[in-house]
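Database features (Swiss-Prot):
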CARBOHYD  N224  N-linked glycosylation site
CARBOHYD  N233  N-linked glycosylation site
CARBOHYD  N282  N-linked glycosylation site
CARBOHYD  N325  N-linked glycosylation site
CARBOHYD  N340  N-linked glycosylation site
SIGNAL    1-22  signal peptide
TOPO_DOM  23-499  topological domain 'Extracellular'
TRANSMEM  500-517  transmembrane segment
Amino acid sequence: MNCQSGLRWLVTLCAFFQVGSARDTHESTRQCDKPVSQKDMNSFLWTVKRPRPFPPSYLFGTIHVPYTRVWDYIPESSKRAFQTSNSVFFELDLTDPLTISKLTSCQLLPNGENLQTLLPRDLYRRLKRHLDYVKHMMPFWMTADQRGRGLYADYLFNAIAGNWERKRPVWVMLMVNSLTEADVRSRGTPVLDLFLAQEAERLGKQTGAVERVEEQCHPLNGLNFSQVLFALNQTLLQHESLRAGILQGTFTTEDLIAHYNCGDLNSIIFNHDTSQLPHFINSSLPDHERLTAQQIDSYLRQELIYKRNERMARRVSALLQRNPNQSFFFAFGAGHFLGNHSVLDILRQEGYEVEHTPPQEPIIQSWSEREATTLNPTEDSFESVTEWTSETPELEEISQEELSHMLLPDSLSQLEEFGRYKHPRKTHHTHSRPRLFSDLWVRIGDSTTPHPSIRITNGYVTVEPPQIRQEQQQRLRERLKPLSEPTNPSALDSAAPNPTYALTCFLACLISQLLFAS
């Protein structure tokens, strides 16, 4: 289902989700009653049907809120589709610590620069004043449950705003948007995307991503300096107005949760994802500032919606084509499946049969799906993300679309928290075929360098240089030469080769070569 055609991509400046008080957050929003039956639930699941015997795959829309706020409202059909799928793919690989390090480095200013020397003095002072206010308010914003779980205000502040003076201004702007009472109260619980990633890993499913970190980072870093200063200034003005009680947010995180749990798929709020980018267009702006706001909105709409939807749909299609026997579960932000030129639209244009899955519809694991679970991964290997090109054709501007869900810095501390428990890194292969055991023999056979001598004594590994090894072997042969020469013909006849000894020597040589190669 698509958004109503009359919806605009951006709303006015006051259509901003952050609110300055708990009263606005908790009392002015509609709460959902838990549905009585499955058919009363809201389904954000779409099925990609394929001809038999190939199994179906699924597209699931998420929102960036603590999973505990929405999990009980997600239909069993969506949960069943997740459980029966062989592979689960996200926008980014949330289980890979490399994702965290790349997100962090992408946000930092180059060459050791800092905001104090980069920003105009007045703007820097206002920013620091606002962050000092947030740090002061953090203990009062935290919930009793958070304090009971051992979370501290200073820890939360540093998790979100740590090292802020070294970050690029555009990322500081987004950081400011995540330093609100509503967001602080939600910290400590994995958001829905991250929870699904953790569950997929716990269940031993194949996980992956359809985007690279750079593809989400670079468009934001592509704004010019004057545009970034304008955006940061407008963001601070909004929050300063909220603090002063002059401005109140229209769309709140609570509104987003309520619409996800019991709203309808045509709601504007999913494309106005409230945990993400602020909106700057305001009729009260002077003409030159309104033009700057429109340029920023147009740029972000093109880079963060149309190009991403095109890229994500193309990579979903590639995975389905390369792995016809696999059942996939793609969990993306709900905004990517709503509105014009969505991921669903693009897949349908490519010939896929994509249908919305009602909440009461059963998900049955067919024989083909059970068979797919035994496939050799080397036969149906996934296309490496590093092999995908980030170039996408320019899309026509569509005026009736809004910013989609995007994993941005308000989730970075959640990723960092998860990443601390992920010591081993995933192996990133750049080759196009699986490595064979015969490759090892090719490398050994082609080598012209003498191999070192490797010994394991009492659990310790010692390596001797090749030249020393050759000298020792030569001395050993000289000592054994008199013993090996027969003294009479009868001795020569009795010197039959011992097959057990020969096999032992061969195995010892093989093990030493393998140890060297590894």
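Heads up, the Cβ atoms here are built off N, Cα and C, so glycines get one too.
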Assigned conformation of N340 (N-linked glycosylation site) - DSSP reduced to three states: coil
Which of N224, N233, N325, N340, the listed glycosylation sites, has fewest other Cβ atoms within 10 Å: N224
Mapped DSSP class for N224 (N-linked glycosylation site), helix or strand or coil: coil
DSSP three-state assignment for N233 (N-linked glycosylation site): helix
C-alpha spacing of N233 (N-linked glycosylation site) relative to N224 (N-linked glycosylation site), in angstrom: 14
